[in-house]
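Here is the structure we will look at, set down as structure tokens.
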Amino acid sequence: MSNNNDYNISDSKDCETYINQFIQDFTIRSAEIGKGTTIKRALPSRQKRLVGAWCFLDHAGPVSFPAGDGLDVGPHPHIGLQTFTWMIEGTMMHTDSLGSKQLIRPKQVNLMTAGRGISHTEVAPDTETQMHAAQLWIALPDNKRNMEPNFEHYPELPVVVKDQVEFTVLVGDFLNTLSPVQVHTPLVGVDLTAQADTKTRIPLNPAFEYAFMALDGTARVNGHELTADNMVVLETGLTEIEVEIKSGNRVLLIGGEPFESPILLWWNFVGRTMEDLEQAREDWINHDVRFGEIPDYQGKRLEAPTLPDQMRASK
């Protein structure tokens, strides 16, 4: 899921509506990630490039497919970011150039830190027939963007129940509960699943910006509808928000301190300059040791697309 086939971010047709001083709402779009698998891509968009250090958000599924016909994303590189996968239904095998090989199951997280460079594959097992997941990228700060690559698997995440909502704390500190997932900037990520039709008030950090995305069904955020086709973004300054959600529905909440450094996000790379991207692209094409190899994969590596002449930095 972590390959970005949507190179021309500025071509998106997202529209943005300001609801009040602190809340904005914009339409999310569809993208294809391989074998005809269509996903909802909320970040980046023309209107909102980052939420904290969260710089990329795909929602895949829920989808069913014949056994043996699941997602198969061949070897591809990353720099300057962490990939974060939250599996809701189905399974996926992660394999990378560090030698990591990890099957991710529902309610588990895979976190891959690219740092100076890594490559990986994501392949559904031949017996798998379901997929529902969210994958996000986290931009690494200046002092960590060239760190050594790493991979961590988190089989269990802490859960808190409040107002008949199950809050799974994916990243950061929420409701006095700390996730074990290791990130490098102040962030939060929470899965909200309703156990009954309910309303709940969620405490917020006024130094954070936030975004809500529906993963199953719909919800209302301070009375404003959240569907599969939009994302509600909260600017800094809020201390709480009300969420109304029906039984069985699921929402993803992400947030963080506004990211200080402007970034360039192109293909699967997060850099600071065009030279960063050009060098990473050249290293991938030339099979540089920076990105390693994945010898067990039987198919072809993904080819690097042509780099645009210029790009606008995101902040």
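Each residue, glycine too, has its Cβ placed from N, Cα and C.
Just so you know, TrEMBL annotations are computer predictions that nobody has curated.
Summarising the annotation, TrEMBL assigns Fe cation binding site to HIS76, HIS78, HIS120, GLU122. Per TrEMBL, the feature domain 'Pirin N-terminal' maps to 39-138. The domain 'Pirin C-terminal' annotation in TrEMBL covers 190-286.
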Q) Tell me, how many other CB atoms lie within 10 A of the CB of GLU122 (Fe cation binding site), whichever protein chain they belong to? A) 25
Q.
On the 0 to 100 pLDDT scale, where does the domain 'Pirin C-terminal' (190-286) sit on average?
A. 97
Q: Would you please pick out, from the binding-site residues HIS76, HIS78, HIS120, the one with the fewest other Cβ atoms within 10 Å of its Cβ?
A: HIS76
